[in-house]
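Undergrad: Below is one structure. I have some questions about it.
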Amino acid sequence: MSRAYDLVVLGAGSGGLEAGWNAAVTHKKKVAVVDVQATHGPPALVALGGTCVNVGCVPKKLMVTGAQYMDLIRESGGFGWEMDRESLCPNWKTLIAAKNKVVNSINESYKSMFADTEGLSFHMGFGALQDAHTVVVRKSEDPHSDVLETLDTEYILIATGSWPTRLGVPGDEFCITSNEAFYLEDAPKRMLCVGGGYIAVEFAGIFNGYKPCGGYVDLCYRGDLILRGFDTEVRKSLTKQLGANGIRVRTNLNPTKITKNEDGSNHVHFNDGTEEDYDQVMLAIGVPRSQALQLDKAGVRTGKNGAVQVDAYSKTSVDNIYAIGDVTNRVMLTPVAINEGACVLLETVFGGKPRATDHTKVACAVFSIPPIGTCGMTEEEAAKNYETVAVYASSFTPLMHNISGSKHKEFMIRIITNESNGEVLGVHMLGDSAPEIIQSVGICMKMGAKISDFHSTIGVHPTSAEELCSMRTPAYFYESGKRVEKLSSNL
């Protein structure tokens, strides 16, 4: 049976666009990509390019960069730059306008891609499954809303990403999410970021850098330590440095109720009995975006928080339906979604050469202030998987901060190895340039680098990165899952 389309992609994010473009260009397939709007901003906020381009990585990195100038200006005095720092203040509106201009240009480039690519078409609306080979495009997420068109297809790719969710407490409708934070008219004077993940931590840095005079930023997290899943010592050091930067990190704390004050600000009740007023409360809690896709109509199985269940090749419980990216809740990173999209459509489905994305040793970054770069296992993960593990640790004050006046800004590097053969299992860094350094480290680790390879490499001086080549003595070990200062002599 001949169908109207070879492939329908739900979601025009990085992974979906990679898959759709490859199918159309490399394999000459007829492809339809469905998403809610073409250009960023209200009402849907997300558009061509997905979360990353519109309300994620790209605009957030621009805003973090802007926020870093607060410290650079303050620290420049030690290097001889004389100015009236008290009179300097950031202009939030200028930042947002500049950010919007960049995002607009990316949206336009994707529009041109659709216009210039034979066999690739964009369909605006909310896509949902009618059955395993039919996608309906509606006016809204409401399953009873008007149907704009119906797409008949051989294959379906679900690439709808993740989406902010609510707390589920009274008054949480008064809160904004990280999506709306990109479109605030003014920087809040009193800001609360709710969550302990990278989005909350990154936005805390942004709002701290752009807060009006006399303002403050709080970050509250229900757990003991922010950034669960990252290296423990890096998390502790970042928490300390955030505090030194003026951000109050409040752990084991969660809002239980939010009410509106007469002046429009938010009155927040916390689980420890305290109460506080904030101009804005931002929720940074995300879940896979699958709730409105009507996956049950095609028999597609989902798991915790609506994550689409897939095998190693990104195939769902239905043979002709695949899913990639955040909606599968595997490794929720844009480059991973792009790789998954290429593997699924370029090679597995239309290429006839099944290939799975390797989700191990994926380098990533947290653009906090200061930032984190990480790749591979934490020491706890390594200790569960290997009999003997060595942990190399170093922290130091980068050269510039001997003059800048910010000696609290330590650079931390931690290397985790399999002690039996020296293989580098994980590298974790905190400090300026850590995200740039970790990319090269990730390549080394993917090639199977050993700690001896690091030791035999001549470092670039003077840099923070050269410390990777100088860490020759383990700080401690793990043996049979337990931390020890030295290994048993019989090993």
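From the backbone N, Cα and C atoms, a Cβ is placed for every residue, glycine too.
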Undergrad: Disulfide-wise, see what Swiss-Prot says Cys52 is paired with, picking from Cys57, Cys89.
TA: Cys57
Undergrad: Taking only same-chain residues 6+ apart in sequence, whose CB is under 8 Å from that of His461 (active site, proton acceptor), what do you get?
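TA: Correct list: empty, so none.
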Undergrad: Using other CB atoms within 10 angstroms as the count, which residue among the recorded positions Ala38, Cys52 scores least?
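TA: The recorded positions Ala38, Cys52 were compared, and Ala38 has the fewest Cβ atoms within 10 Å.
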Undergrad: Cα distance, Ala38 (FAD binding site) to Cys52 (disulfide bond), nearest Å?
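TA: Here the two Cα atoms lie 14 Å apart.
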Undergrad: State the Cα to Cα distance, in Å, between Ala44 (FAD binding site) and Cys57 (disulfide bond), rounded to an integer.
TA: 17
Undergrad: Determine, from DSSP, whether Ala47 (FAD binding site) sits in helix, strand or coil.
TA: coil
